[in-house]
Amino acid sequence: MSYFGEHFWGEKNHGFEVLYHSVKQGPISTKELADFIRERATIEETYSKAMAKLSKLASNGTPMGTFAPLWEVFRVSSDKLALCHLELTRKLQDLIKDVLRYGEEQLKTHKKCKEEVVSTLDAVQVLSGVSQLLPKSRENYLNRCMDQERLRRESTSQKEMDKAETKTKKAAESLRRSVEKYNSARADFEQKMLDSALRFQAMEETHLRHMKALLGSYAHSVEDTHVQIGQVHEEFKQNIENVSVEMLLRKFAESKGTGREKPGPLDFEAYSAAALQEAMKRLRGAKAFRLPGLSRREREPEPPAAVDFLEPDSGTCPEVDEEGFTVRPDVTQNSTAEPSRFSSSDSDFDDEEPRKFYVHIKPAPARAPACSPEAAAAQLRATAGSLILPPGPGGTMKRHSSRDAAGKPQRPRSAPRTSSCAERLQSEEQVSKNLFGPPLESAFDHEDFTGSSSLGFTSSPSPFSSSSPENVEDSGLDSPSHAAPGPSPDSWVPRPGTPQSPPSCRAPPPEARGIRAPPLPDSPQPLASSPGPWGLEALAGGDLMPAPADPTAREGLAAPPRRLRSRKVSCPLTRSNGDLSRSLSPSPLGSSAASTALERPSFLSQTGHGVSRGPSPVVLGSQDALPIATAFTEYVHAYFRGHSPSCLARVTGELTMTFPAGIVRVFSGTPPPPVLSFRLVHTTAIEHFQPNADLLFSDPSQSDPETKDFWLNMAALTEALQRQAEQNPTASYYNVVLLRYQFSRPGPQSVPLQLSAHWQCGATLTQVSVEYGYRPGATAVPTPLTNVQILLPVGEPVTNVRLQPAATWNLEEKRLTWRLPDVSEAGGSGRLSASWEPLSGPSTPSPVAAQFTSEGTTLSGVDLELVGSGYRMSLVKRRFATGMYLVSC
């Protein structure tokens, strides 16, 4: 309804002026609203500071007395209230920016409107001028008419009458023209005034709607803060109720208690007798004034203790420690003690000093005659199992060096050489595994591909360890980099053929090739690849022959694992088909692995992300920004069908934040740490967030789909870090999982690696082809896919297998594995084919799986920005890997 077009007319035509001045009041009201919100933000900020001061007052409460634990409840509640009001201050400041921005836009709109309604202003002025001339013309016409009538009544001459009539006609014509001008100006004014009134009303409606939206944001922010304050008060009341009087008394008694033993009654006779005996002992044990040098040990120094190399008696069994040292007991403790030659009553000598203990070094036994290879291997295994490797090639062992200088016989050199060889093999084997998980040999340990149940996304095998942003690469915080060995193509060590291999493909025994097979360790580490009867040397057109094994590698397998005193590096997480494993297990990395990495410079170039960085030291009371690190880890699950380009894809992600160990002292001290706030940007694709309810706060009223703001509960974060510090006090950094998220991605460009499979199953021949292609548009930044493996299950007896290119056969799991080079935009597609002759009828198609990882980007493109001061981002790590990545025919 046009209110302005109906209510702003009138005789004096002041409606336009009223409307124009009303519109000009819009920027003024906007500025006044900004001033009001700014004053409210100042009040909230002052209140937040007052609550922080109150929290500090509560934290400085006396730790004595039974009421002391309740001060912590007050402190936590005050911190949360201060945080709520501080967050409201931040929201109001953002709202002020929006109001001021709207005020600037309003000024531009008014300037444009003024140019549009200037014609209406001219029409108003013209109508006003015509309205002023019209009464004058009418008055002139009336006067001329009255003069003509007066002359007619006076019977004046005809000449005078003609003059009067002429003047009357001129006045009438002037009045007629004035009326016409007025009507024309009135029509023009009415039309332009109506248009301007409608324009002013539309502007006012837009202005009021925008102002109402700003007021709604203001009210919503205040309401959310009040809801949070209510939750804080409810939590405070619940905490007060949970802390019972009995609990306070028990805590005080346990922490400040002085003991449970009560003083017993005393008997005078027993007490006096005990005092008399004690006095006699003191008198007998009292020594006269003793001058230095009068002691027998000082006057007659004993000869130095000689090292006894004699064999012990056959009838005695001396105590021998684990390193071959025999400790002779102190002679003062023997049952047949030497009779004292001196009086202990008035002796000036210190005869009660403890005697020196004697160390008997067990000599090296005589070499045994030559024995059988089995016995020699067993003895070598027992000897190598007790060895302890030094920390590095340049390290020293002070205990043994001093004893070697004293004449300890040297151990045989063959055992350390063999053990170091085995250690090098195991170290290379450990670093040769996938950086984020084992190969695909363990991807389908419990999967049944014959049914359709294996095609559902019911599990998410994780090749990453979510407990650290860097897994094994990075501790997350600002210190010099140290290269760590990574996976290398030439570090896969083949294993000899297993007894389950077919007779035609079984590898010849080691003895047949002149290689003596040493005994295997009790718990050998699983090898990275198991060629078995189908080795890497498979050629198209012929039967597969076993790959020749390296004799040095075989000898290295004989040595059992060693206990290393070197720095421990976190090893990748083992994949499983159950829930994601979140534990990070340590793995020894010996000096041999480091030397191997130095011998192959390509290690470092291939593992640019495998860099270990030590944590930054955080000095207590430092005024610098505290360093933190974050990691985005995502897992893509995809299911393809035949040659169809579309697929079902789902991505799950996790945000982990890493804190240095020294930050725990800063968080636990005074003043309290600043609130850690951050903003996730580019979150449009994310469908669901699951924040850590104990640590993370968020604003549910945020309407921008591109961003998501969070801030941490500093009290809960401090408590969580303290728990980790208590559980692992030697850790250099601590990881906290803050939130998880997930989203679905339709379309052929939704996954980084497109797969298609085709099976041709006949009675005498089975042919399988797998095609793959790189999709750079699936990631935020195109990055190569590393550790790419394609797995083809073959669950039936077959013969005459042909592969293009060569693949690895796992006999136990009955599957083929193609290990591909890094897949990127350059040469990012290929075709794999396999054919065989089934021995038990036509083959049954099975889903083909893929595994890969990528560093430096994510599929979602989400990023993190710190909000506020007090913290700095040391590192942001981004990576993704496969979960269930399948293609069926």
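Quick reminder: no glycine exception, Cβ is built from N, Cα and C everywhere.
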Item to complete: Going by Swiss-Prot, point out which residue in SER488, SER616, SER644 is annotated as phosphoserine.
Response: SER616
Discussion item. Test of record reading: of SER255, SER340, SER347, which one does Swiss-Prot tag as phosphoserine?
Written reply: SER347
Response to the item:
When Swiss-Prot is consulted, the range among 156-195, 396-435 described as coiled coil turns out to be 156-195
Discussion item. So one of SER295, SER335, SER701 should carry the feature phosphoserine according to Swiss-Prot; which one?
Written reply: SER295
Worksheet item: Swiss-Prot annotation phosphoserine: which of SER372, SER523 has it?
Response: SER372
Worksheet item: Do you know the DSSP helix, strand and coil residue counts for the region 'Disordered' (826-849)?
Response: 0 helix, 12 strand, 12 coil
Response to the item:
With the cut-off at Cβ under 8 Å and a gap of six or more residues from its ends, the chain residues touching the region 'Disordered' (826-849) are 440, 443-444, 449-450, 454-455, 755, 757, 759, 761-774, 776, 790-805, 807, 816, 818, 820, 884-889
